[in-house]
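Structure first, commentary second.
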Amino acid sequence: MASSQLIILILAVFVATSSLVFASDPSPLQDFCVADPNCTVKVNGVVCKDPKAVTVEDFFFTGLDKAGNTSNAVGSKVTAANVAQIPGLNTLGISLARIDYAPWGINPPHTHPRASEILTVLEGTLLVGFVTSNTENRLFTKVLYKGDAFVFPVGLIHFQQNIGYGPAVALAALSSQNPGVITIANAVFGSNPDIPANILAKAFQVDVATITKIQSKF
């Protein structure tokens with residue numbers, strides 16, 4: 001094989017394997033790496049606790065059977081079960097969340113910068129959807145019933161709405177111990193400090209007074 005062909009082959013393998021490596025959380029190099037929240041050392045992730053100090057409680061969480069309080073402006077409540085609640089999830093690349101919805105409540109448009117999500121409806125009827133990136137901005141949307149599941153690709157804006165007349169419940173599995181969440185309205189209109197109103201007015205093609213009014217709600 002010519003040297004130039006060999007170089008191209010090596011580069012192709014490197015790109016392919018790199019995409020696999022960086023597509024999710026780092027893989028563990030031991031049986032477990034229980035997060036030590038008290039460690040002051042900062043790393044990309046969480047420092048491992050001394051294995052001799054690990055207990056069964058580090059792998060345990062309770063509370064996903066309990067309904068969240070949906071008495072808020074959007075009518076939903078997310079109960080997370082990620083590495084902050086379950087230290088044993090550290091380096092395992094998975095987490096869960098329970099989402100409760102009041103009638104006609106929403107889980108507003110948001111993204112998970114570090115995780116894809118698969119959502120399963122446990123009770124009720126949900127309208128769900130996600131939007132692809134620029135420039136197509138294509139909307140994929142579907143009505144889900146009890147037992148249905150739907151996938152939200154990593155980083156894409158997505159949402160859910162309870163379109164039933166009773167409460168709804170869903171369980172989401174995410175491909176990161178710490179998927180992160182960026183709620184679009186909160187980030188744009190509730191940043192600290194505020195994004196200048198004239199910038200948002202131009203971006204949304206409205207007047208500054210409208211932007212200021214929206215910002216006051218966040």
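Glycine is treated like the rest: Cβ placed from N, Cα and C.
Quantities reported herein were computed from a predicted structural model and do not represent experimental measurements.
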Of Cys33, Cys39, which cysteine does TrEMBL list as the disulfide partner of Cys48? Cys33
With an 8 Å cut-off on Cβ-Cβ distance and a minimum sequence separation of at least 6, pull the same-chain contacts of Cys48 (disulfide bond), or say none. Cys33, Val34, Ala35, Asp36, Asn90
Over the domain 'Cupin type-1' (62-212), what does the predicted model average in pLDDT? 97
Checking the binding-site residues His110, His112, His158 for other Cβ atoms within 10 Å of each Cβ, the smallest tally belongs to His110
